[in-house]
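Okay, structure first, notes after.
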């Protein structure tokens, strides 16, 4: 049991005060940045249309603000020269745990929400939004309250919320008499949230980029020469019907949905463009911005998590490392605000979203699936055709066509096709000559 379990007061020395001041200033900067965002540039629901990110990001910012506010309370300890047990100490401990849990929970919920709409491609339901919001904050409040109300054993283990740590990290939180609670009711949940969020975003990026594809493999192997996308009609052409290509007659067969990973070398990454339609392009841009939230949270959390677990096992870190851990962790609020400020304008505007179908829209088989089944695509150049006597559609025509397609930014958003036919007299072979780009 730690010597600080029932400690009524812990006084700082001159070196401790410097470290506490640095950590407290970082918390104050994060708190001011969050409050400034709410006052001067508040989040708008229209910015994150078709998603629940407005509510979830607001909850995340509240959690970040709670962490910063708990750290700012340390200015009171600096003024008194040390930490003192009392109502302010209990408030700091409860506020710190609530903020840590809320930040971890809402970071995970944001990742889970984006996994739902971008990977599973399910519509965002307002019912589930309110369930997640009420349940999420209920879980945070319940875990914080259960400590002093249920777990606390004052005579055997001391106060639940009280003075913990030493040196420049002496503050009010879950006391050292409750090591297991420190680990499993905070550190473990934080690290679990970071790990699961990164895993979910990895799968999201693989799918929207085109590397991971869900296809339907027909159970009838006589008709399984090609796998079809899950968004298709679960029908394949009947090869025994000679008129199949000339009519809408199809043969329905049973199929099994399977995930297929498409590994594309970096030199051939341009082929992934063929897998993306307008919705996929919006998805990719959307996920590419949001992935920085779990990455930044994980990077700022890891030092604190590692140091906390080390201290819980009886191996405290050096004073300099403690200051570094405290400063980096309290940058979470400022980092969230900066990410929102720098990425908010990159989301599709309301006008753009009015022209984009919902993420859950079912679509027919993408070109990339068919291309990979037939060996991929071989890039080619639009070759000039020698014009006839009138010089119609000669090299100048193809030069203009090539320049046109180069301005399409690798066929972004839409699919384009160029087919050019020449008269027999214009071709050296006497037949039709065509070139196409899809």
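Even glycines carry a Cβ here, placed using N, Cα and C.
These come from TrEMBL:
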TRANSMEM  18-41  transmembrane segment
TRANSMEM  53-78  transmembrane segment
TRANSMEM  98-119  transmembrane segment
TRANSMEM  128-151  transmembrane segment
TRANSMEM  187-206  transmembrane segment
REGION    220-252  region 'Disordered'
COMPBIAS  220-238  compositional bias 'Basic and acidic residues'
TRANSMEM  291-311  transmembrane segment
TRANSMEM  323-340  transmembrane segment
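Contact count against the transmembrane segment (53-78) (Cβ pairs under 8 Å) is highest for 18-41, out of 18-41, 128-151, 187-206, 291-311.
Put simply, of 18-41, 128-151, 187-206, the stretch with the most CB pairs closer than 8 A to the transmembrane segment (323-340) is 18-41. Within the chain carrying the transmembrane segment (291-311), a Cβ under 8 angstroms from the stretch's Cβ atoms is held by residues 103, 107, 110-111, 165, 182-183, 186-187, 190-191, 194-195, 197-198, 201, 204-205, 317, 321-322, 324-326, 328-329, 331-332, 335-336, 339, 343, all 6 or more beyond its ends.
Away from its own ends, the transmembrane segment (98-119) comes close to residues 50-53, 56-57, 59-60, 62-70, 132, 136-137, 139-141, 143-144, 185-186, 189-190, 192-194, 196-197, 200-201, 203-204, 207-208, 283, 286-287, 290, 293-294, 297, 332, 359-360 of its chain (Cβ-Cβ under 8 Å, at least six residues beyond either end).
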